[in-house]
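Noted in TrEMBL for the protein shown:
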type: DOMAIN; residues: 520-616; note: domain 'STAS'
type: TRANSMEM; residues: 116-134; note: transmembrane segment
type: TRANSMEM; residues: 169-191; note: transmembrane segment
type: TRANSMEM; residues: 203-221; note: transmembrane segment
type: TRANSMEM; residues: 250-267; note: transmembrane segment
type: TRANSMEM; residues: 279-300; note: transmembrane segment
type: TRANSMEM; residues: 371-394; note: transmembrane segment
type: TRANSMEM; residues: 406-428; note: transmembrane segment
type: TRANSMEM; residues: 434-457; note: transmembrane segment
type: TRANSMEM; residues: 464-492; note: transmembrane segment
Amino acid sequence: MEPNTSGNMQHDDDDDQCLEIATLEVHKVVPPPRRSTFEKLKTRLKETFFPDDPLRQFKGQPVKKKLILGAQYIFPILEWGPNYSLKLFKSDIVSGLTIASLAIPQGISYAKLANLPAIVGLYSSFVPPLVYAVLGSSRDLAVGPVSIASLILGSMLRQEVSPTKDPLLFLQLAFTSTFFAGLFQASLGFLRLGFIIDFLSKATLIGFMAGAAIIVSLQQLKSLLGITHFTKQMGLVPVLTSVFHNTNEWSWQTILMGFSFLVSLLLARHISMRRAKLFWVSAGAPLVCVILSTLVVFAFKAQHHGISIIGKLQEGLNPPSWNMLLFHGSHLGLVVKTGLVTGIISLTEGIAVGRTFAALKNYQVDGNKEMMAIGIMNILGSSTSCYVTTGAFSRSAVNHNAGAKTAVSNVVMSVTVMVTLLFLMPLFQYTPNVVLGAIIVTAVIGLIDIPAAYQIWKIDKYDFLVMSCAFLGVIFISVQEGLAIAVGISIFKIILQITRPKTVMLGNIPGTDIYRNIHHYKDAMRIPGFLILSIEAPINFANSAYLKERILRWIEEHEAEEDLKKQSSLRFVILEMSAVSAIDTNGVSFFEDFMKAMEKKGVELVLVNPLAEVIEKTAKIERSWRFQNTR
C-alpha cells in the first residue's frame with residue numbers, strides 16, 4: 001500500500017505543479033506594427049552611426065538659429081566664447097602657464113624619443129593647441145606630443161630609414177605619417193566610426209601602456225648612462241644586451257647627473273600624488289631640472305667631460321612643411337601604416353583622457369567631434385613642422401588641477417611656447433640629454449598601473465590574459481606587434497562569445513511565478529514535463545548550429561533524468577527569449593528545423609517573451625507558432 005500511496009502522492013504533486021503553470025497569467029504576444037524596409041534601414045543606420053542624435057537640437061528651430069547652432073557644433077569655441085569673462089581668464093592663464101612649464105621640456109624630450117630634432121617637439125606644442133582650442137569640446141585636455149605615439153612613430157620609421165644617416169628623409173616621413181594619422185582620425189569622426197577604437201579594451205590598453213612605458217624607460221638608458229653606440233631595436237633583450245655590451249662607454253659624470261635629477265623628479269611626482277594641492281611641484285619640476293642642469297653644464301663646461309648636450313636649436317616659429325609631405329615613392333606604405341597605428345593610439349589616449357576629466361566636472365565630450373578636432377589638428381600640424389599630437393594625460397591632469405575652465409589654457413600654453421621659440425631658444429643650447437631622459441622616465445612611469453592590473457585579475461582571467469599578451473608582446477617583440485596580438489586575442493574573445501552563446505535552465509521559485517537559473521538559485525525547482533531554457537544572446541549564422549546541438553543535449557539530459565526518476569515524459573520545451581535582441585535568416589531556419597524535430601518527439605515548442613524583431617521574422621514562416629509573454 002505504501003508504494004502505491006507514494007506514487008499517487010507524487011502524481012498529485014505533479015498535477016499541482018502543472019496546474020500552477022496553467023494558472024499563470026499569460027498574455028498573447030502580437031506582431032509589431034509593419035514598417036517598410038526603408039524605415040528599418042533608417043532606424044538601424046541611425047542607431048549605428050548617430051546614437052547621440054546630434055541633429056535633434058535643430059528640430060523646430062528657425063533658419064537663422066539653425067545656422068548659429070551649426071556653426072557652434074563645428075566650432076565649439078563659438079558656444080562658450082561669447083560668455084567668456086575675465087574671471088575665467090584668470091584661472092586659464094594660471095593653468096596655461098603651469099602646463100607650459102611642463103610642455104616645453106616634455107616637447108623637447110618626446111621629439112628626441114621619436115628620433116626627431118628637439119625643435120620639432122616645441123613646434124608641436126605651438127600650433128596644435130591653437131587648433132584644438134577652436135575645434136575641441138574638452139575644457140581640460142592639454143594638447144601636445146605624447147610619449148607612446150612618439151615611441152611608435154620613431155621605432156616604425158626607423159625600421160626602414162635611419163634618422164642619423166638620412167635625417168631629412170626621416171623628417172619628411174614623420175610629417176607625412178602625421179598627415180595620414182590626422183586624415184584617419186578626422187575620417188573616423190566625420191563618418192561616425194568612433195566605435196572602431198572601442199576594440200582597444202581597457203585590459204589591452206593597460207598591458208600595452210605598461211609594456212610601452214618599460215620600453216621607453218629602457219631606451220633612456222642610452223642617455224642616462226652616456227652610451228653612444230646603442231641598439232636600434234626596441235625589445236627588452238636587445239636593449240639590455242646593448243647596455244651591458246657597451247659598459248666601456250658608461251660615463252660616471254652622466255650617471256651621477258642623471259641619477260640625481262631622476263630622483264628629484266620622482267620625489268616631486270610622489271609629493272604631488274600624495275597631496276593634490278601641491279600639483280605644481282611635479283608640474284614645474286621638469287623645467288626647474290632643465291634650467292639647473294643647463295646652468296651646471298655651462299658653468300663647468302661639462303660637455304667636454306662626457307656630458308652630451310642638445311646643441312644649438314633653431315630660433316623662430318614653425319616653418320611650413322607641406323612641401324615635405326611625400327605621397328609617392330617606396331616609403332608610402334610605411335607612412336600609411338605608421339599613420340594608422342599612431343593615429344589609433346593617440347586618438348584612444350586623447351578621447352579617454354578627455355572623457356575622464358569631463359566625468360569629474362560633469363560635462364559631456366562628443367567623441368566624434370573630438371576625433372575630427374584631433375584629426376584636423378594633426379593634418380594642419382603636418383603642414384607646419386609638427387608631428388603626431390593628442391591630449392596627454394600628465395599635462396591634462398596638471399591642467400585640471402591648476403583650475404582650467406576652458407580651452408583658453410591651451411592658447412596660453414601655446415603663446416608661452418611661441419615666446420620661447422622666438423626669444424629663449426639659445427638658453428637650451430647647453431641642456432644635457434641625460435635630463436631629457438630623466439624627464440621621459442618620470443613621465444611614463446605613471447603609465448604602469450599595477451592596481452588596475454590586479455583588479456583585472458580578480459574580475460576576469462581572460463582579460464588578464466589579454467593584458468599580459470599586450471604587455472609581453474610589447475616588451476619581447478615590438479610595440480606594434482604586441483598591440484596587434486592583444487587586439488587579436490580580444491577579437492577572438494568576442495567571436496567566442498558570439499559563436500558560443502550562453503544557455504541556462506530555468507526553474508520555478510516556489511510560491512511565486514518567477515523563473516530563475518537553477519544553478520544560481522537553490523530554491524528554483526524544475527517542473528516535470530517542462531524544459532524551460534533561456535537563450536542569452538542574439539541568434540545568427542555564427543551560433544545557430546551550436547544552439548541546436550546544445551538545446552538537443554539539454555533535452556536528452558532532461559529526458560534521461562526523468563526516466564531515472566520515472567516521472568512524466570517531456571511535453572513542452574519553453575525558450576525564454578527576452579535576451580535575444582536580434583535574429584537573422586539562419587536563426588529563423590534554426591527555429592523551423594528545431595520545431596520539426598520537436599514535432600517528431602511529440603513535444604511542443606513555445607517561445608516566451610520574444611522581442612519585436614524575433615516575432616516579425618519568425619512570423620513569416622508559415623507555421624503555427626506559440627508566442628507567449630509571461631509576467
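Quick reminder: no glycine exception, Cβ is built from N, Cα and C everywhere.
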Under 8 Å Cβ-Cβ from the transmembrane segment (116-134), and at least six residues away from its ends along the same chain, one finds 75-77, 103-104, 106-110, 141-145, 154, 163, 167, 170-171, 174, 310, 313-314, 317-318, 373-374, 376-378, 380-381, 384-387, 389, 391, 407-408, 410-411, 413-414, 417-418, 420-421, 425, 428
Long-range Cβ contacts under 8 Å made by the transmembrane segment (203-221), restricted to residues 6 or more beyond its ends, are 113, 147-148, 151-152, 227, 234-236, 239-240, 243, 348, 352, 437-438, 440-441, 444-445, 447-449, 452-453, 456, 460, 463-464, 466-475, 479, 482-483, 486-487, 490
Spatial neighbours of the transmembrane segment (434-457) not adjacent in sequence (6+ beyond its ends, CB under 8 Å) are 105-106, 108-110, 112-113, 147-148, 202-203, 206-207, 209-210, 212-214, 216-217, 220-224, 226, 254, 257-258, 261-262, 265-266, 269, 286, 289-290, 293, 307-308, 310, 393-394, 463-464, 467
Sequence-distant residues near the transmembrane segment (169-191) by C-beta distance (under 8 Å, 6 or more away from its ends) are 49, 114-117, 120, 153, 156-158, 161-163, 197, 321, 324-327, 331, 334-336, 338-340, 342-344, 346-347, 367-383, 385-388
In DSSP terms, the domain 'STAS' (520-616) comprises 44 helix, 19 strand, 34 coil
